[in-house]
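Novice: One structure, as structure tokens, below. Some questions next.
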Amino acid sequence: MENLSLNNEEVLFNNGNSQTGKRNDYLEWEDYFMAVAILSAQRSKDPAKQVGACIVSEDKKIVGIGYNGMPNGCSDDELPWVKNQADELDNKFAYVCHAEMNAIMNKNTYDVKDCTIYTALFPCNECAKLIIQSGIRQIVYLSDENKNKKSILASKRMFNLAGISYRQFESKRSEIVINLRQPEAH
Ligand SMILES: O=c1[nH]c(=O)n([C@H]2C[C@H](O)[C@@H](COP(=O)(O)O)O2)cc1CO
Ligand SMILES: [Zn+2]
């Protein structure tokens, strides 16, 4: 309502629609969903890699969010976060739950059939199995940095066989700034 007091030219400049005053720099759906995944990754305690995932239904509702972390009830101060120990039991990989797994397990709907998962990293083969079995049909990923790893090749093999589509995220934006301070009073 505030903008209706501006003249038409100002309204057009600020909002792109001189008739209704609607803003035009609002977040696109895809940017919104990927940003939720990336924000969620900031909750991860993993010093080397923070991964987030966001599951979205066909009608564009967020139905699950997750990040990589230790299983519920397992203190993340007691399990290891390192990956360079000789004994497998002293490395994080034996324990950490991946972001995609957590997003699926945290779902707030009966199932995630026909949903899309937005994820910061291309899913590993273990998550690929979960994704396929859960009924998710589409993957939008930010980074393909592990693309030459066997685990990712196995994921793609399974996705191709199961008819699950995957594509890399693209956006006109390079960043979204979140201001946690109170806006200045006008
Ligand atoms: O798809 C994934 N999703 C996911 O949450 N992860 C997590 C597990 C580990 O905490 C971390 C990988 O650690 P690192 O980069 O040190 O190998 O990222 C790793 C992958 C690998 O593709
Ligand atoms: Zn995984």
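Even glycines carry a Cβ here, placed using N, Cα and C.
TrEMBL lists 28-166 with the feature domain 'CMP/dCMP-type deaminase'. According to TrEMBL, the feature Zn(2+) binding site maps to His98, Cys124, Cys127. For Glu100, the entry in TrEMBL reads active site, proton donor.
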Novice: Are there any residues in the same chain, six or more apart in sequence, whose C-beta is under 8 angstroms from the C-beta of Cys124 (Zn(2+) binding site), and if so which?
Specialist: His98, Asn146, Ser151, Ile152, Ser155
Novice: Taking helix as H, G and I and strand as E and B in DSSP, count the residues of the domain 'CMP/dCMP-type deaminase' (28-166) in helix, strand and coil.
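Specialist: Reading the DSSP string over the domain 'CMP/dCMP-type deaminase' (28-166) gives 49 helix, 27 strand, 63 coil.
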Novice: For the Zn(2+) site given as His98, Cys124, Cys127, which other residues of the same chain have their Cβ within 8 Å of the site's Cβ centre?
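Specialist: Here the nearby residues are Ala99, Glu100, Met101, Pro123, Asn125, Glu126, Ala128, Leu130.
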Novice: At a 10 Å cut-off from the C-beta of Cys127 (Zn(2+) binding site), count the other C-beta atoms across all protein chains.
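Specialist: Its Cβ has 26 other Cβ atoms within 10 Å.
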